[in-house]
């Protein structure tokens, strides 16, 4: 046994001495069997757990003894003691292959650093689309689960750094070269290390030679308890956040439930941790020994303090994605410990903000992001972002070209990519116009282009997404076709010598063609004498005739079309070189002419009693020569021509009128001059021509029985349509009715009154209603009906002839009563209205229309001229007034006697051409109004709107000096509503006490208005009523400082009824001062006593008693305040307003009363609103329209409104007010079966008078109701017919006016 121990000790010693067989764990010399070493991967991130390690053992040493036996001993390497392997040493750990085959190097697993390494030093990374478009793939090994305690496993889309367990494979070396017979001994060695219990079991086989060979060595390890600090060295923690408590919970990632020392942890969770605070946790478990693991919990900031924000710019949103973490709240954590991480596809970025560019439009991209604090993730978010629409493609233009001078067309194919609409721009020189087109269009027609102009067209599609993106534009161009150029302008004609002219003009503003050429045509009369063309508009015309009128026409030619010529008239001068010879010749001729004239005067005086026809032959040759060549006027330029001729005090009208011979001497006048006929003529010089006089039937034994002062007059293309006659004298009344019977006339138009200005104008040739029937020779006349209207009187007569058995005939007698004593009617519409009435009674089977005034030439010719020319205007769309008046003079001398009548014909034609027929019968009103409101097409205004637009505004047509004076401006409530001077209501300072002085003052006209004191001004105007002019007053609502003037006006003008159409206030704004009070109130000299107040649902009636301080008598004034009418609106209940109007009319004087015929003395009605125009205008219009409807069963709303606008500014100023008048009248007079249904209060209004007034009067021989006083410029004395002395003899007419004053003749 002792020997055995020594042998064993000796073998152990040799083992230490044998350096060849000493093996360590890291031998630099490869084993004889070719053992290789594989280097393991690098250490993982600090956030990952440290790997488990395996202790490597050294191979056993083999000793051979000489005494033929061997022994195998296994010894531990000195390095295999209790030692913890550091991470650095693990990188160099070797792995051994026990099979003796060379090991293969372990492949390197992909890491975040392998896929994409972010650049350092920036918070934002930008990547191109080639990398961004890669598909997100899971990272291998990222989801591996470790069985080793303390290791963590976290599921994430992000790849984690791989951790490979470090393993060393040990291969034992054999140093004996011979195989000995086996002698086996079993030895077990147990060694305690820090890591494990090593149990070694060895079997020793002795060879026959006595050497011992170790054949097999088996080592078994039994694990011992590690320390808790070691076991949980790599423990990981997840932080869970509670948004309600704003506290964290730390979850310890271990497989067993551990204890946390002083801190309580439940299910491995530590609760109620505050953000950005540190907490220490001592971890222990019964599977490990002391010391415990001390874990420092570094709590991250709160999750709600971070927000993932889309920072993509909308302009780049089609190809760019931008994501950014924003800190929406502050925190105390160290921001350097925060890591932001994004993963988009297979790209990973550690940045707070990322931006991906060059992406595809309209694609979805997903990006995941997380935030780590000290390498511990505590929040994450995902975003799916769709890129915006991209810019559309470029459309393909098929063609673009000019279709005409003002039109072009472009067609195209739309782009392939999606878009919303097109934008088409067309550029002309420096001007650019763009318009949006619908996406479905592939063609567009361009209108209103400028001729012969190059247009560059640009067409692009656009799409409206987050912003509007325009696609590429397709371009094309074309040049429009040529068109006629515009007119040259600023043309001048100047004389360079007596017969030479220099003509210049400016180029046209629109040439519209390829070439430039100016042409000048020179005409003398109707003969073309020169035709020149130059490149510039500069002509020198020489060698013209002296003292000749020339017409110069200059126009521009663009190579394709001529322009409109600019026309000027100029005359050459006389030949100054022959001036002396001409003067000498003139003296001689003048002397001869003087001698001839003296001789003729002597001869005429000597032969005064000779036949007057011989005298006419002396001037016959001059009748036609003095006529002018006046062209007919087309309807389109009728108004412009009238304005041109009326300018400069009507100089052109006067020239035309004076060129017409008053009497054409070539037509003999014998019958009228015979002695037995001279007494039948009212005027000795107004006689009918023999060739067309009206011849009566002969009465046996009565010389001249076939004569009457009347002439046949041709109408427009209708021979003998009229008979123009003088007003019958008492001696010729029987002849007049004989003419009516024989000529089968059914209509008589009387354009005069029996007496005018205390002068007899015409005999009363019909019976009165009281008389009933009267015989005029053989003709018996019976009056059946008598109807009085404001401007005319219609009488229905029945005539029979005693000597004939024929039945009686109906004759309509129409007397126009509104022709003033002097001058002509101011409103030509009155004559158009008369014409409508006459034509309503005339028919195809009637004889000629008999028209007469006093002499049968002036007013008669005017009416016939208007009637005939209106027929021509309707038939040919042009009129030849001058030519027709010449024709009238050839058929009856002095027809259209004065220039004012000649102008009146033109005015009536202009009125008709501009405004047309606007009068409507009540029976036709409803279908008429229905058609007037139709829009055809819907885009155009309705006929009713067009009619309103034709209404003249009459702004500033008369002066408004008084109301605009500085001292009177404060008396106007509305500066836009100032009364015109011509019809304003003047006030007197004091009321004259005597009736005579009062009468004189009341009769004063407005002519002195301009000279009155400022205190005499009040904002009020006289308004034309239906029955007489200026019997109404339209006034503004009184101001506080004008209440006294308001009552003065009411007292001076004897107002009986006040109509108040306004409240006192509108909101907080005063619109009318309260001009009355309870009981008695004194305003200056006027005492106003409120006697009674009666309120109804529609209006309030107040009764005032007025007294003047210098008068004893009192007056009663009624005030009707209509309260259901808001400012600037229409009446809420029109029927209530109509009802009040009917009540008001009952308080006014009747139309035939003597009081109602006084002009300006009594204006019984005053209407006011806020400014005296808005509501007042509607009220006045309705009052006049109701009177017209009740009297004539017709309404003319257009003319009523036009008259109101002429009387006061702002009357019926809107279309809504205009249409309201139509609607109210239509609802007031409903139609049933084509007949107008009258209300009860109307039944007695529209009827013929069946009895004469008690005081005998010539119903048609008095002044017209309320004939207006004329302004000074209208009060011209007539130079017409003046009767001679004696009532029996004929009268004499001065042959027309000697000056261009506008006079009236007959």
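Note that Cβ sites are derived from N, Cα and C of the backbone, with glycine treated the same way.
Per Swiss-Prot, the features are as follows:
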- 28-163: region 'Disordered' (REGION)
- 80: N-linked glycosylation site (CARBOHYD)
- 92: N-linked glycosylation site (CARBOHYD)
- 97: N-linked glycosylation site (CARBOHYD)
- 192: N-linked glycosylation site (CARBOHYD)
- 199: N-linked glycosylation site (CARBOHYD)
- 262: N-linked glycosylation site (CARBOHYD)
- 272: N-linked glycosylation site (CARBOHYD)
- 278: N-linked glycosylation site (CARBOHYD)
- 286: N-linked glycosylation site (CARBOHYD)
- 337: N-linked glycosylation site (CARBOHYD)
- 380: N-linked glycosylation site (CARBOHYD)
- 531: N-linked glycosylation site (CARBOHYD)
- 578-598: transmembrane segment (TRANSMEM)
- 599-1306: topological domain 'Cytoplasmic' (TOPO_DOM)
- 683: phosphotyrosine (MOD_RES)
- 853: active site, phosphocysteine intermediate (ACT_SITE)
- 975: phosphoserine (MOD_RES)
- 993-1014: region 'Disordered' (REGION)
- 994: phosphoserine (MOD_RES)
- 997: phosphoserine (MOD_RES)
- 999-1012: compositional bias 'Acidic residues' (COMPBIAS)
- 1001: phosphoserine (MOD_RES)
- 1004: phosphoserine (MOD_RES)
- 1005: phosphoserine (MOD_RES)
- 1009: phosphoserine (MOD_RES)
- 1169: active site, phosphocysteine intermediate (ACT_SITE)
- 1261-1306: region 'Disordered' (REGION)
- 1299: phosphoserine (MOD_RES)
Local backbone state of residue 531 (N-linked glycosylation site), from DSSP in three classes:
strand
Measuring Cα to Cα, tell me the gap between residue 1169 (active site, phosphocysteine intermediate) and residue 337 (N-linked glycosylation site) in whole angstrom.
84
What is the separation, in Å, between the Cα atoms of residue 380 (N-linked glycosylation site) and residue 337 (N-linked glycosylation site)?
16
Relative to the Cβ of residue 975 (phosphoserine), which residues of the same chain, six or more apart in sequence, are found under 8 Å away?
969
Between the residue listed as 'phosphotyrosine' and residue 531 (N-linked glycosylation site): CA-CA distance (Å):
55
Min neighbour Cβ count (10 Å) across active-site residues 853, 1169 flags 1169
Between 262, 272, 278, 380, which of the glycosylation sites has the fewest other CB atoms within 10 angstroms in the structure shown?
262
Mean pLDDT, the topological domain 'Cytoplasmic' (599-1306)?
84
Using a 10 angstroms cut-off on Cβ to Cβ distances, just flag whichever of 286, 337 is the loneliest among these glycosylation sites.
286
Please report how many Å separate the Cα atom of the residue listed as 'phosphotyrosine' from that of residue 853 (active site, phosphocysteine intermediate), as a whole number.
13
A correct count of other C-beta atoms within 10 Å of the C-beta of residue 683 (phosphotyrosine) gives 25
Tell me, how many other CB atoms lie within 10 A of the CB of residue 531 (N-linked glycosylation site), whichever protein chain they belong to?
11
How many Å lie between the Cα of residue 272 (N-linked glycosylation site) and the Cα of residue 278 (N-linked glycosylation site)?
12
Which of the glycosylation sites 262, 278, 286, 337 has its Cα closest in space to the Cα of residue 853 (active site, phosphocysteine intermediate)?
337
Secondary structure at residue 380 (N-linked glycosylation site) (DSSP, helix/strand/coil)?
strand
Rank aside, I only need the closest one: which of the glycosylation sites 262, 278, 337 has its C-alpha nearest to that of residue 286 (N-linked glycosylation site)?
262
Would you kindly give the Cα-Cα distance separating residue 278 (N-linked glycosylation site) and residue 337 (N-linked glycosylation site), rounded to the nearest Å?
14
How big is the gap, in Å, between the Cα of residue 278 (N-linked glycosylation site) and that of residue 262 (N-linked glycosylation site), rounded to a whole number?
15
